[in-house]
Amino acid sequence: MHSAILATFFLLSWTPCWSLPLPYGDDDDDDLSEEDLVFAEHYLKSYYHPATLAGILKKSTVTSTVDRLREMQSFFGLEVTGKLDDPTLDIMRKPRCGVPDVGEYNVFPRTLKWSQTNLTYRIVNYTPDMSHSEVEKAFRKAFKVWSDVTPLNFTRIYDGTADIMISFGTKEHGDFYPFDGPSGLLAHAFPPGPNYGGDAHFDDDETWTSSSKGYNLFIVAAHELGHSLGLDHSKDPGALMFPIYTYTGKSHFMLPDDDVQGIQFLYGPGDEDPNPKHPKTPEKCDPALSLDAITSLRGETMIFKDRFFWRLHPQQVEAELFLTKSFWPELPNHVDAAYEHPSRDLMFIFRGRKFWALNGYDILEGYPRKISDLGFPKEVKRLSAAVHFENTGKTLFFSENHVWSYDDVNQTMDKDYPRLIEEEFPGIGNKVDAVYEKNGYIYFFNGPIQFEYSIWSNRIVRVMPTNSILWC
């Protein structure tokens, strides 16, 4: 087995010249360096159809670099251009798992799984970043994620060879798949089988923690153990088995539905699931789609729903879906309201009685603050929507069946507010889920319906499905 792995490693290390040079993206991407191009080509060869003995001997399976790039863009829900552009490089630079991407909640070739339901694991060594008890707790929780939804049982042993051997290492660490230093590749695991099969390795050049600082060991371990049990990567950005690392927050972790479906395909359900409702990723063309918040941001449109947001570029039809915490780890998972203040290059995010001011990826110092700082009485517990008008300096806030008007210049609430929504904007109903303004029209979202409202004529001019904002 070890000699076979060694032979495979040498084949992977030898890269024949079958690939095509990477084309650049738009004119705005002309500043891509030679280092960017080398990095991108290495990324694509590592995670999209890595060279294997079968692939080398059978030339019909050879995949060009451009084909790999298109597959990578499709996998991550990017616009499939076949060109190396900034959004594609942004994804490539994110910390991730070292296992190649194949798609959905499929399994490794030959549908590898454990034949038994009672499995053992051993923690071979420890990271110096955390206490032994913290490391043990992280792995115990990670195994429980999978045992909660399957008939699998995991028992820790302290010596000898376990089904799943867990270790920390750096660079070359004994399996011929070296780590790359801080960030980048965080960990990898092998599918079920003998020898290395099932083993999980963690890069000790990373800073491992039990919080949002560095990399959360529990989150990475739970992902890698999915591979140890036979799962491949998922295209679903909300899935635990999505290849990119995202800190999911301090709240109780619930295994997403995509992962549940995958692991139960292999092993079946467990006796009693403590979390019978598992979070699902929203589907943009769902006819019943409702939204949580909408805002512009530097020419793009950000559309928030549950733990996610769609990022809609003005020149693209396909919206990109991301976990909110993959961009802003410090924000809550769910957003109540959001708006952009373009002249200040700020985006404001609201959740409950708190709000945040963001400049790009960065939260401004002094935030979060309380919405009472804006002049809301204590009876207002949360906002449902917000929209800013740059030409007047006014911001409208919606809460339950009322609308408030805030003067950004004087930083006070306008007199004669709040007012009833249905009186201020006749015909849109008495609640607003999300709202944004564009070219003299206000777009109000209420459940699966959106209203296009003319500011000049003060009336509804069109009624459309909510999902039409996502080109459905």
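Backbone N, Cα and C atoms are what each Cβ position is placed from, and that goes for glycine too.
Per Swiss-Prot, the feature Zn(2+) 2 binding site maps to C97, H223, H227, H233, M241. According to Swiss-Prot, the Ca(2+) 1 binding site annotation covers D129, D204, E206. As annotated by Swiss-Prot, Ca(2+) 2 binding site applies to D163, N195, G197, D199. Swiss-Prot lists H173, D175, H188, H201 with the feature Zn(2+) 1 binding site. Per Swiss-Prot, the feature region 'Interaction with TIMP2' maps to 177-247. For D180, G181, S183, L185, D203, E206, the entry in Swiss-Prot reads Ca(2+) 3 binding site. Taken from Swiss-Prot, the feature active site applies to E224. Swiss-Prot lists 282-331 with the feature repeat 'Hemopexin 1'. The disulfide bond annotation in Swiss-Prot covers C285-C472, and the record cites similarity to another entry as its basis. Swiss-Prot lists D292, D336, S384, D433 with the feature Ca(2+) 4 binding site, giving similarity to another entry as the kind of evidence. As annotated by Swiss-Prot, Ca(2+) 5 binding site applies to I294, A338, A386, V435. The feature repeat 'Hemopexin 2' is assigned by Swiss-Prot to 332-378. Sequence annotations record features per position, and here Swiss-Prot assigns phosphotyrosine to Y367. Per Swiss-Prot, the feature repeat 'Hemopexin 3' maps to 380-428.
This view paints the features noted in Swiss-Prot onto the structure.
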{"residue": "D129", "record": "Ca(2+) 1 binding site", "contacts (Cβ under 8 Å, 6+ apart)": "T207, W208, T209, G214"}
{"residue": "D204", "record": "Ca(2+) 1 binding site", "contacts (Cβ under 8 Å, 6+ apart)": "T127, P128, F168, G169, T170"}
{"residue": "H223", "record": "Zn(2+) 2 binding site", "contacts (Cβ under 8 Å, 6+ apart)": "C97, A187, L240, M241"}
{"residue": "E224", "record": "active site", "contacts (Cβ under 8 Å, 6+ apart)": "C97, A187, H188, A189, A200, F202"}
{"residue": "D292", "record": "Ca(2+) 4 binding site", "contacts (Cβ under 8 Å, 6+ apart)": "F304, K305, D306, H334, V335, D336, D433, A434"}
{"residue": "A386", "record": "Ca(2+) 5 binding site", "contacts (Cβ under 8 Å, 6+ apart)": "A293, A337, A338, Y339, F348, F350, T395, L396, F397, F398, V435"}
{"residue": "C472", "record": "disulfide bond", "contacts (Cβ under 8 Å, 6+ apart)": "K284, C285, P465"}
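For the repeat 'Hemopexin 3' (380-428), the predicted model reports an average pLDDT of 95. Just so you know, the Cβ of H188 (Zn(2+) 1 binding site) picks up 19 other Cβ atoms within 10 Å once every protein chain is counted. Taking only the Cα positions, the spacing between H173 (Zn(2+) 1 binding site) and N195 (Ca(2+) 2 binding site) is 15 angstrom. Among the binding-site residues listed here, namely D175, G197, I294, D175 has its C-alpha nearest to that of E206 (Ca(2+) 1 binding site). Scoring each of the binding-site residues (S183, N195, S384) by how many neighbouring Cβ atoms lie within 10 Å, the top position goes to S384. Each residue in L291, A293, V335, A337, L383, A385, V432, A434 lies on the same chain as D292, D336, S384, D433 and has a C-beta within 8 Å of the C-beta centroid of that Ca(2+) 4 site, without being one of the site residues.
A Cα-Cα distance of 19 Å separates S183 (Ca(2+) 3 binding site) from H233 (Zn(2+) 2 binding site).
Within 8 Å of the centroid of the Cβ atoms of D163, N195, G197, D199, where the record puts Ca(2+) 2, the same chain has further Cβ atoms from I164, M165, F190, P192, G193, P194, Y196, G198.
Between the CA atoms of H227 (Zn(2+) 2 binding site) and D180 (Ca(2+) 3 binding site) there is a gap of 20 Å. Local packing around the Cβ, expressed as the count of other Cβ atoms within 10 angstroms, is greatest for D203 among the binding-site residues D163, D203.
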